[in-house]
Structures are given as C-alpha cells and as structure tokens.
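**Q** What TrEMBL shows for this protein is this:
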type     : residues : note
DOMAIN   : 44-176   : domain 'Peptidase S54 rhomboid'
TRANSMEM : 6-23     : transmembrane segment
TRANSMEM : 28-45    : transmembrane segment
TRANSMEM : 57-74    : transmembrane segment
TRANSMEM : 81-99    : transmembrane segment
TRANSMEM : 105-123  : transmembrane segment
TRANSMEM : 135-151  : transmembrane segment
TRANSMEM : 157-175  : transmembrane segment
Amino acid sequence: MKSTVVLTILITIGYIIGQILSLERSSLIYYLIQINYLVLHGFYWQILTSIFVTPNFFDWAFNTIAMYFIYWLYKGEAGKLEYIIFLIAGIVGNILSLYLYPPFVASAGASGGIFGLFAYYTVTDYLKDRQLNQISIILLVSVFILSDTLPFFDVDIWAHTGGILTGILLSLLFFKINKTRGTV
C-alpha cells in the first residue's frame, strides 16, 4: 500500500479518536493534542501525537483532500521516505509553534507534515527537471495563503511554515545525498 494512503488512514484514525474523546468530553484529548504549556512541563509526546489526533472535522477533511492531491500528483513516489518527511516536518512545525505561540495555545492536526510533503515534492521536481510542476506550486501556494489568511480558519500558521521549510530542506538534503551516490 502506498505511503500516502497509509498516512491518510492514520490521519483518519486520529480524527476518529479525537472525535470519540471530544464527544465523550474526555480529558484524555488534552494528553494527545499539543498544549504548549504542558509540552514545556514534560508532556513531550504531544509534539508527535498532535500530528495525528484532531477533533476538528474541517481539519480532517482538508487534510484528507490535501493528501488526495499529493497522491494524485506524485503517486507516493518517495516511497517509505514519505513517512520520514511527514513526521519530521510535522515535528519541526510543532516545535516552531511551541516556541512562537503563547503557552496556553492548543494545536492539533497533520497539516505541518502535509505541507512538508507538498514542499518536498515540489522542490524535488524542480531539482530533478529544473522546472516547477505548475499544478504543484499553484496548489501549495494557494492552499497556504487560503488556509492561513481566511478569518474563519483556525490554523497553526507556524506548523504550516515549519512544515514547508522542513520539506524544502529535506528535499535539498536528499537530492544532494542521491546526487553524491549517483542515483539522481
């Protein structure tokens, strides 16, 4: 099964968990989403668990649509490397949020990792072909601008920004490694 599909399934499972915990009004949700104050006081796992768990339907829906477009454009061509890119981009985005938002801000969702994947593929395409995939760059920029500027979206702009920057850096790193090995 393609890594993009597996990641989408994991995001969906995280949404279901978030919904169940929210509907039951369980305090367990506060152990899984990222609450900066708690992370700074030892709840370090939230940097990882919050990438998958979200109680927000719109967050899940937009993430699922974004993963569909990533799959449609790239067919999971990075293979298992997608998992690493997604996780590192999500973690870096969450760490950026941790230090750039106030302590009692809560955040959850996969969008930092998704933006990281999208940026990775966009830059990798450019490095391989020396041209940008126009659909990819238009989608990446449009989604970033729309999701981070429309007033009715409650998004973690720092997770998005951290994800994009991480995706770009990982693309450059892996391209250099592959070029050194002669596999590009």
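Heads up, the Cβ atoms here are built off N, Cα and C, so glycines get one too.
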**Q** Under 8 Å between C-beta atoms and at least six residues away from its ends: which parts of the chain pack against the transmembrane segment (105-123)?
**A** 4, 7, 11, 14, 18, 30, 32-36, 50-56, 59-60, 62-63, 66-67, 70, 73-74, 77-78, 82, 85-90, 92-94, 97, 132-133, 136-137, 139-140, 143-144, 147, 155-156, 159-160, 162-168, 170-172
**Q** Rank 6-23, 28-45, 57-74, 157-175 by Cβ pairs under 8 Å to the transmembrane segment (81-99) and hand me the top one.
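**A** Selected stretch: 157-175, with the most Cβ pairs under 8 Å.
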**Q** Is the transmembrane segment (6-23) packed against any residues at least 6 beyond its ends, judged by a Cβ distance under 8 Å, and which are they?
**A** 29, 32-33, 51-57, 59-60, 63-64, 67-68, 71, 82-83, 86, 108, 110, 113
